[in-house]
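Participant: Not my notes, these are from Swiss-Prot:
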type    : residues : note
DOMAIN  : 28-131   : domain 'Calponin-homology (CH)'
MOD_RES : THR170   : phosphothreonine
MOD_RES : SER175   : phosphoserine
MOD_RES : THR180   : phosphothreonine
MOD_RES : THR184   : phosphothreonine
MOD_RES : THR259   : phosphothreonine
REPEAT  : 164-189  : repeat 'Calponin-like 1'
REPEAT  : 204-229  : repeat 'Calponin-like 2'
REPEAT  : 243-268  : repeat 'Calponin-like 3'
Amino acid sequence: MSSAHFNRGPAYGLSAEVKNKLAQKYDHQREQELREWIEGVTGRRIGNNFMDGLKDGIILCEFINKLQPGSVKKVNESTQNWHQLENIGNFIKAITKYGVKPHDIFEANDLFENTNHTQVQSTLLALASMAKTKGNKVNVGVKYAEKQERRFEPEKLREGRNIIGLQMGTNKFASQQGMTAYGTRRHLYDPKLGTDQPLDQATISLQMGTNKGASQAGMTAPGTKRQIFEPGLGMEHCDTLNVSLQMGSNKGASQRGMTVYGLPRQVYDPKYCLNPEYPELSEPTHNHHPHNYYNSA
């Protein structure tokens, strides 16, 4: 079996874009701090390339054995690929037992195949934070918050019952009885007040409450004629056949004698104009003047 590492082809498209974004999150200052911490604990040099020095898993196994003795029983010094992957797997199992959360731990291929160095760095920082909670003097990472457990005596717990809350007391027996659903009608009626009950339950008025028996009886559709006539007043009936320009009575006027629009109109009245007298045909026409054809008297 060849000792060469597994080779992965270059990434293209979306894979290359994701890889570049992960590489941009890598913190080189944190890398230097982790290098100094690991080299100081193990006493071994990692090399110029930080991730290549950790890829065989030997330094990682020795490092966790320093933090927690006996975490990794056997460290493989072989250069074979499966031996190196076994070392990385043993390191992952050891830091899980040490207390590092599973979602903070990298996968073996993230380090061995150089797919996600940012996650490897995050795992080492989480390991440093866990080491601080166990008493190790580490200048890397943030210390996890410790549990602050408190025990209270039963007498102390009973004292809490004497505290008056913001809504202590009685609500004077108020309840939501009689409440209607949002958007429904509300009848402003109380039998204690002695007011009349709402009669018309089918007509929705503009003002909530009772309409005192008023309804829409006799209302006509919008745009129809409105007859202004009241029998109680003793008025005569109006002409319902002709539509007048003004609502009400047109005093018997009609359109009788009206001609069709566009026809000539004869200005003639028999009271003022007499019947014309025409000359007889036997009389000579030269003895009569044109103005004698009509009797103007």
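Every residue gets a Cβ built from N, Cα and C, even glycine.
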Participant: Considering every residue in the repeat 'Calponin-like 1' (164-189), what is the mean pLDDT value?
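Facilitator: In the predicted model, the repeat 'Calponin-like 1' (164-189) has a mean pLDDT of 69.
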Participant: So how many other Cβ atoms are close to the residue listed as 'phosphoserine', meaning within 10 Å of its Cβ?
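Facilitator: There are 7 of them.
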Participant: Just how many other Cβ atoms lie inside 10 Å of the Cβ on THR180 (phosphothreonine)?
Facilitator: 9
Participant: Give me the DSSP three-state residue breakdown of the domain 'Calponin-homology (CH)' (28-131), ordered helix, strand, coil.
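Facilitator: Across the domain 'Calponin-homology (CH)' (28-131), the residues distribute as 71 helix, 0 strand, 33 coil.
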